[in-house]
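Pasting a structure here, questions to come.
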Amino acid sequence: MDDASYRILTRVAIAALVLSIGWIIFDALRSDPAPGDVALLAAERAFADGRYDRALDEYREVLRADPDRVEAIRGKARTLLQQGRPEESLRHFDLAIARAPEFAGTYANRGIAFDRMGEHRRALEDYEYALYLDASVADGPGWITRLLHMDAAGPPTIRDRADYLRAQLALPEEERQLSMPEEDAAQRPYRRR
């Protein structure tokens, strides 16, 4: 490489670096976070880490700042569900559905709550409606999430559970096995990626 080419490449690299740093600074200074944005990010991180008490506190903080923030309502409902409080979570899932009825993930999660409460027909209705709204809810957690949880196969998906419930509900009542505690416990709530 001759001197002229080297100088041009050096200048291009320096210009790219300066522009990148300038953009980062500009972006940081121009955007004022909406009320509750920082707490929402903290809540999502805490939820992903399995620190549900912390996540619940952060979601409450978001909702104090903005009571209509549907992401926080959904997050609070998911957190209550993970804490083993499905009855409480239903109120929040219903509230989230009232605010954003087109989001399939909320129906899928409400179905999980119904499932854990033993209301399997209502769970199946929600699973099927979630799949109708957005078939991608059947995909389950992405490969990165499965890798982080060291679960190559992944937990049962909404589609798996809906198929299972549909088959079991078709059987005579005395032959049904609607609950499989180990597999049911492995089912994780849907989160938008």
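Placement of Cβ uses the backbone N, Cα and C atoms for every residue, glycine included.
Take a look at what TrEMBL says about it:
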type	residues	note
TRANSMEM	6-26	transmembrane segment
REPEAT	36-69	repeat 'TPR'
REPEAT	104-137	repeat 'TPR'
REGION	173-193	region 'Disordered'
List, by number or range, the same-chain residues at least 6 past the repeat 'TPR' (104-137) whose CB is under 8 A from its CB atoms?
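For the repeat 'TPR' (104-137), the nonlocal Cβ contacts are 74, 77-78, 81, 86-87, 89-90, 93-94, 96-97, 158-159, 161-162, 165-166, 168-169, 178-179, 184, 187, 189-192.
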For the repeat 'TPR' (104-137), what are the DSSP-based totals of helix, strand and coil residues?
30 helix, 0 strand, 4 coil
